[in-house]
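Below: the structure, in structure tokens.
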Amino acid sequence: MKRLLAAVLFVPIAVLIGTFWWWQGLPVPMPPQVAAEALKLPCVSYAPFRRGETPFNESYVATPQAIEEDLINLKAITSCVRTYSVGQGLDRVPDLAAKHGMTVLMGIWLGRDPEANAKEIALGIETARKNPNNIRAVVVGNEVLLRRELSADTLGAIIHSVKLQVPTPVTYADVWEFWLQNRSLAEAVDFLTIHILPYWEDDPVGASEAASHVIAIREEVGEIFAGKEILIGETGWPSWGRMREAAFPSPSNQARVVQEILTQAHDKGFDVNLIEAFDQPWKRILEGTVGGHWGILDVDSRAPKFGLGAPVSDHSRWLYQAIAGIIFAGVVMAVAQQAAQRATWPIGTKDWLAAAAVALVSGCAVGALAESAFYEVQNVVTAVTAALLATVTVALSLFTVSLRMRTIPPRPLGDLGDPRDGQRTARWFGITLGAGAFVGMFTVLGLVFDPRYRDFPIAAFVAIALAALVAPRRGGTGASTRAEHIFGWIIGLGALAIIAREGVQNVQALLLVAALIVLARSLVLGGGGRTSAARG
């Protein structure tokens with residue numbers, strides 16, 4: 001009978017998991033657009049770095065073959081690329097681009113090191129002189145004022161010097177606010193290059209308003225610098241990463257924002273360069289997950305992420321995620337059925353529903369965890385964190401249903417070293433919950449004190465919180481439960497601080513905070529399931 005009941009419950013669970021991921025994977029239609037010729041990408045930022053490559057490796061040099069392969073791919077969507085440096089083999093971009101009828105906005109990278117600057121400038125001038133016909137302009141410096149690595153006066157002198165030595169127009173690129181703060185710099189350049197990134201604004205702009213924001217800022221800057229030509233040198237939207245207020249990175253939002261910017265810029269006659277050609281995983285080190293996912297083309301396949309006007313799925317691997325989730329949910333229900341057969345306490349409807357809820361939520365979480373790890377893991381620390389969260393999610397779900405069906409109270413963290421109780425499942429539940437609480441505490445502290453580039457591990461903590469909530473009420477009092485109380489209060493109070501920092505428009509933050517508060521409540525009060533002194 002118990003085996004049959006577990007099987008009967010598994011059927012709707014599997015259907016719900018499959019339906020959830022089917023719904024998540026539904027292609028999102030794009031808004032109506034103008035003619036396709038109006039949407040041809042005017043220019044895109046280009047860097048040659050593949051997965052595992054980084055400009056911080058000073059010995060790295062991009063091969064002409066790799067650059068040309070990229071340019072051939074890009075030729076299908078644009079006729080112009082913007083570079084940021086001439087070092088590490090990028091001085092070959094202009095002559096290789098010329099072979100394919102493409103033009104270049106060639107960058108000269110500037111920083112705080114005068115010797116490195118001099119070397120870069122010399123190579124940039126040499127390259128510009130060799131390629132006068134297809135270099136549209138030389139971009140002398142990129143966001144060096146934003147990074148506070150040079151003063152405006154020093155930068156102006158460098159720009160003036162380069163301008164005297166190259167046959168092409170000269171510009172400087174920075175976030176639009178820094179042009180407003182350094183207006184005299186406009187005299188040194190032939191035209192302004194301004195960066196307008198709605199996602200990164202001090203007051204982030206949601207995807208639905210992003211294009212209008214870009215156009216409004218461009219018009220504002222145009223009025224201030226009347227008579228000066230202006231290039232929107234960076235604009236776009238990320239396809240993955242954490243929300244900033246209402247700004248939500250996703251494949252469909254990226255496709256929508258890019259196409260709406262191109263449409264509105266075309267209507268206004270504004271010149272635009274999109275950031276960027278290919279995803280750049282190395283940027284995740286500097287900017288978190290979101291930094292590596294601004295590309296119009298995928299870093300691995302080197303193919304466009306979306307077609308102009310075509311619907312876009314935010315979870316293109318939804319079928320695999322659904323299958324993985326259904327399999328794991330089946331494992332959870334199998335554990336519940338086995339535990340029910342060993343139970344010495346009557347099993348009620350609430351117990352079976354609790355097991356079903358754990359199977360459903362953890363089944364949905366498994367696919368989300370795999371997807372998050374694929375996009376978010378960038379180094380040893382993030383890999384270990386992702387592995388720990390996945391392990392805790394899986395193990396805690398299994399331990400929870402086993403204890404719940406047998407009504408065995410978990411062991412408090414303070415009693416885990418006590419050898420007198422031989423109930424291994426209860427002990428392992430305590431260890432696993434302790435690990436989850438530990439990671440939860442550091443997740444909260446990170447999002448409170450250093451949140452800008454941190455992701456929201458929603459799926460893991462929703463599953464962990466539910467498991468802690470439906471587990472049998474924890475035994476032990478006083479000193480044995482002190483650790484749970486400390487973790488719980490830190491997580492609970494920190495969760496409230498996260499909302500204060502992120503704002504109520506940040507849906508990701510709201511979901512995570514809700515899960516953390518449930519987890520904190522369970523840690524402080526000892527779980528939400530029924531209690532018994534039974535052992536088995």
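Glycine too: its Cβ is placed from the backbone N, Cα and C atoms.
TrEMBL annotations: computationally assigned, not manually curated.
Look at TrEMBL and you will find 318-340 (among others) tagged as transmembrane segment.
What TrEMBL lists as transmembrane segment is 352-374 (among others).
Sequence-distant contacts of the transmembrane segment (380-401) (same chain, six or more residues past either end, CB-CB distance under 8 Å): 328, 331-333, 335-336, 339, 354-355, 358-359, 362, 365-366, 369, 372-373, 425, 428-429, 432-433, 435-436, 439, 457, 459-460, 463-464, 467-468, 470-471. Among the features that TrEMBL reports, transmembrane segment is placed at 380-401 (among others).
Same-chain residues lying 6 or more positions outside the transmembrane segment (428-449) and placing a CB less than 8 Å from one of its CB atoms are 385, 388-389, 391-392, 395-396, 399-400, 403, 410-413, 415-416, 456-457, 461, 464, 467-468, 471, 483-484, 487-488, 490-491, 494-495, 497-498, 501-502, 509, 516, 519, 523. According to TrEMBL, the transmembrane segment annotation covers 428-449 (among others).
Annotation source TrEMBL lists transmembrane segment at 455-471 (among others). Nonlocal intrachain contacts for the transmembrane segment (455-471), taken as residues 6+ away from its ends with a CB within less than 8 angstroms of a stretch CB, comprise 241-243, 288-289, 354, 357-358, 361-362, 364-365, 368-369, 372, 376, 389-390, 392-393, 396-397, 399-400, 403-404, 410, 429, 433, 436, 440, 443, 447, 508-509, 511-512, 515-516, 518-519, 521-523, 527-529.
Here TrEMBL flags 483-501 (among others) as transmembrane segment. The list of residues near the transmembrane segment (483-501) in space but at least 6 beyond its ends in sequence, with Cβ under 8 angstroms from a Cβ of it, reads 412-414, 434, 437-438, 440-441, 444-445, 447-448, 451, 474, 509-510, 512-513, 516-517, 519-524, 526.
For 507-526 (among others), the entry in TrEMBL reads transmembrane segment. Outside the transmembrane segment (507-526), and at least 6 residues removed from its termini, the chain residues within Cβ reach (under 8 Å) are 242-243, 248, 433, 436-437, 440, 443-444, 447, 456-458, 461-462, 464-466, 468-469, 471, 473-474, 481, 484-485, 487-489, 491-492, 494-496, 498-499.
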